[in-house]
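For reference, Swiss-Prot has these:
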type	residues	note
DOMAIN	38-210	domain 'EngB-type G'
BINDING	46-53, 73-77, 91-94, 158-161, 189-191	GTP binding site
BINDING	53, 75	Mg(2+) binding site
């Protein structure tokens, strides 16, 4: 399997792209339901209740786009959202949630792993980490999977308004990346204060196809 490199766009800040309204286009509860949209895809992955759906709603300026719940494990399928026929935003089920049957956790694991390994159109993965919890073993396993499949990814610390010192997070991320021999963006975002939203949009806008 081959992947294509991120191609810079004319819009450097992403604001023009994200003025458009994103819409839900499909959900996949098993690998046979995963569709090929022939558009660049950017995925959000992380532990249950890390804030994936809320972050998607924040950058798309629509609090009702992706279903949000305070109960971990509510996203039980891969959800696909079309942004202006230029980009597919992918909300993956959370991992590491204990209060579901083992069979369900295994099903989610297979679904997440299959998508990350096999999506031809996947351009960038956003690995979301709860700022209050730091990088955990499951996060490291996902990063290993991404590297093994030559996937571009960046680290997004969510709920950054809940911590007062980002330096420890930065040091933790850099030490983690050093063990992987990998370099990438490290961002801090807050759905409440909107910190980091503009920078995140800019990084995602670089993934769309160049205008002809």
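Glycine is treated like the rest: Cβ placed from N, Cα and C.
Averaged across the domain 'EngB-type G' (38-210), the predicted model reaches a pLDDT of 88. Considering only the binding-site residues 49, 53, 77, the Cβ with the fewest other Cβ atoms within 10 Å is that of 77. The number of other CB atoms found within 10 A of the CB of residue 46 (GTP binding site), across every protein chain shown, is 23.
There are 22 other CB atoms within 10 A of the CB of residue 159 (GTP binding site), with all protein chains counted. The shortest Cα-Cα distance from residue 53 (Mg(2+) binding site) to any of the binding-site residues (77, 93, 159, 189) is found for 93. Cβ contacts within 10 Å of residue 52 (GTP binding site), excluding its own Cβ and spanning all protein chains shown: 27. In sequence order, 55, 58, 156, 157, 158, 160, 195, 196, 197, 200 make up the list of same-chain residues 6 or more apart from residue 189 (GTP binding site) whose Cβ falls under 8 Å from its Cβ. Residue 46 (GTP binding site) falls within a strand when secondary structure is assigned with DSSP.
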